[in-house]
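> Below you will find the structure I want to go over with you.
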Ligand SMILES: CCCCCCC/C=C/C(=O)SCCNC(=O)CCNC(=O)[C@H](O)C(C)(C)COP(=O)(O)OP(=O)(O)OC[C@H]1O[C@@H](n2cnc3c(N)ncnc32)[C@H](O)[C@@H]1OP(=O)(O)O
Ligand SMILES: Cc1cc2nc3c(=O)[nH]c(=O)nc-3n(C[C@H](O)[C@H](O)[C@H](O)COP(=O)(O)OP(=O)(O)OC[C@H]3O[C@@H](n4cnc5c(N)ncnc54)[C@H](O)[C@@H]3O)c2cc1C
């Protein structure tokens, strides 16, 4: 859970080679990387810049006389800072640097760079490298810093699958300006399943513990109730169970789309890039935010013992919440999706709705009302309505400011909170729709029934959560919202008997969960006592601090 020093080797270094190195280059490098003869990371972010890639300061200047690139970090803010596995483990890195050829700045490009000697592992001359120090979590990963002092690499170390620099310095452009960002798109495509998995771990612990923990009464009786029987506890946990499933289904789809993109790009078709960038930008933001919230609720649902490290939920939280920042800070990525949504609105206004992609086609179709009692399809229409309403509102605000003479960037900034709201609603619609489609495809009728209950819980919870938007223009009435509330409580109770099976079906072993509270056998109390006894403070009955500090204080006459 704390991460692994080689995680980025698998998650980004190898995928960056696969997507960006030419076949010829990969004959040299990929096999060695796959066999772990060389260990690599993905070094892009700098001390001074992470979000704004156009301002990266590390330069790779082509020297035509030697056919080499000269890598240089001219000032302190240019140091690479944060890359996982960079500090101590990696001897190679895919380094993203601003490429300069014949004095022309050609923007961020990726280079394979050797950092350490393959035998001694010592850092090479011209390279400064080290670990950035302890973090909130992920402390088994050596996130690092890296500086270059006019460090030379061969021309052929520029990853050349999509763009090239010929020996004489001729630059061959890629088929899409942002094709070098593919390693990030890949991780973002995988994040929904990864985050769903973190959420699932925290929920497994909290749900299991909630069937062991007895406290208080619902009706006066002999035995106190399992806390999972409280409606408030169910409300805290069950919607997140639904989300963990929903995120996983959405993630399967984005992973499949990324694989499709890779194949299409190789045939020169880059049409999917903008769609997948927009989709994964929104999805990573919503999923990481909701996962962090869900894990924190799971911790609180375990009461005092949730706060103990014995629960292990705090560690899961620390790791998962990193996802709100890495692979694009959430607000920044929501604004990337917003660009796509505003463009779609502009297309509709220009009478070109026919050109809209399938995920945004709904923006052009107005719905007057819904009959929620007819089922999930009507909920989807309601989600479409609130997303469309907010997308148009935010877009109109931006376009009006533009028309009034504001500069584009200023108008954008003044509309940005509204724009991020639109992006979230659009993404939540996508999550609900993929959840619905995935449940429809389940073949086993018993499994389908319980997943359908979760889907119903999800759509009612989500609609209630975004109710202000739907009430704003009278799309939903207060009596419809009462219906949604009743449905929500109905499904909380309906899911209760299956709650433990739903979390057990994720099949986390005790070793994976590392939680005293979430043990499969339910023997929580005796193991909490054993865990406490093993605390380093309990190694001796009397601590040295007694002689050193407590006694002088207690014996003082002052
Ligand atoms: C086991 C667990 C392990 C955990 C591993 C954790 C590993 C973490 C790794 C990392 O964090 S790696 C570093 C990640 N860094 C980022 O994500 C940086 C975020 N910033 C960006 O991605 C970009 O700077 C930006 C915000 C997308 C802007 O890029 P840029 O300045 O180059 O764009 P503009 O010139 O403004 O143009 C925007 C234009 O480009 C389109 N676009 C941007 N990216 C893509 C893309 N990937 N694919 C397709 N299109 C892209 C964007 O849609 C705009 O299009 P238009 O609206 O102008 O049409
Ligand atoms: C655990 C972890 C692992 C990482 N691993 C790697 C790795 O392997 N390789 C690598 O290269 N990097 C890695 N990173 C770095 C990571 O990708 C960046 O930290 C991330 O992209 C955010 O960039 P930043 O730090 O520049 O944030 P900043 O951009 O400085 O964000 C600060 C604030 O400014 C706001 N902001 C910034 N720009 C805008 C804008 N245009 N509009 C509105 N608001 C804006 C943000 O929303 C945020 O609130 C890792 C980071 C973490 C935490």
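The backbone N, Cα and C atoms fix where each Cβ goes, glycine too.
Per TrEMBL, the features are:
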{"type": "ACT_SITE", "residues": "327", "note": "active site, proton acceptor"}
{"type": "BINDING", "residues": "45, 84", "note": "FAD binding site"}
{"type": "DOMAIN", "residues": "2-39", "note": "domain 'Acyl-coenzyme A oxidase N-terminal'"}
{"type": "DOMAIN", "residues": "181-342", "note": "domain 'Acyl-CoA oxidase C-alpha1'"}
{"type": "DOMAIN", "residues": "377-555", "note": "domain 'Acyl-CoA oxidase C-terminal'"}
> Does anything in the same chain, at least 6 positions from residue 45 (FAD binding site), have a Cβ under 8 Å from its Cβ, and if so what?
80, 81, 82, 83
> Roughly how many Å separate the Cα of residue 327 (active site, proton acceptor) from that of residue 84 (FAD binding site), to the nearest whole number?
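That comes out at 12 Å between the alpha carbons.
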> For the recorded positions 84, 327, which Cβ has the most other Cβ atoms within 10 Å, all shown protein chains included?
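Answer by Cβ density within 10 Å: 84.
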> Per DSSP, what is the residue count of the domain 'Acyl-coenzyme A oxidase N-terminal' (2-39) in each of helix, strand and coil?
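When I sort the residues of the domain 'Acyl-coenzyme A oxidase N-terminal' (2-39) into the three classes, I find 26 helix, 0 strand, 12 coil.
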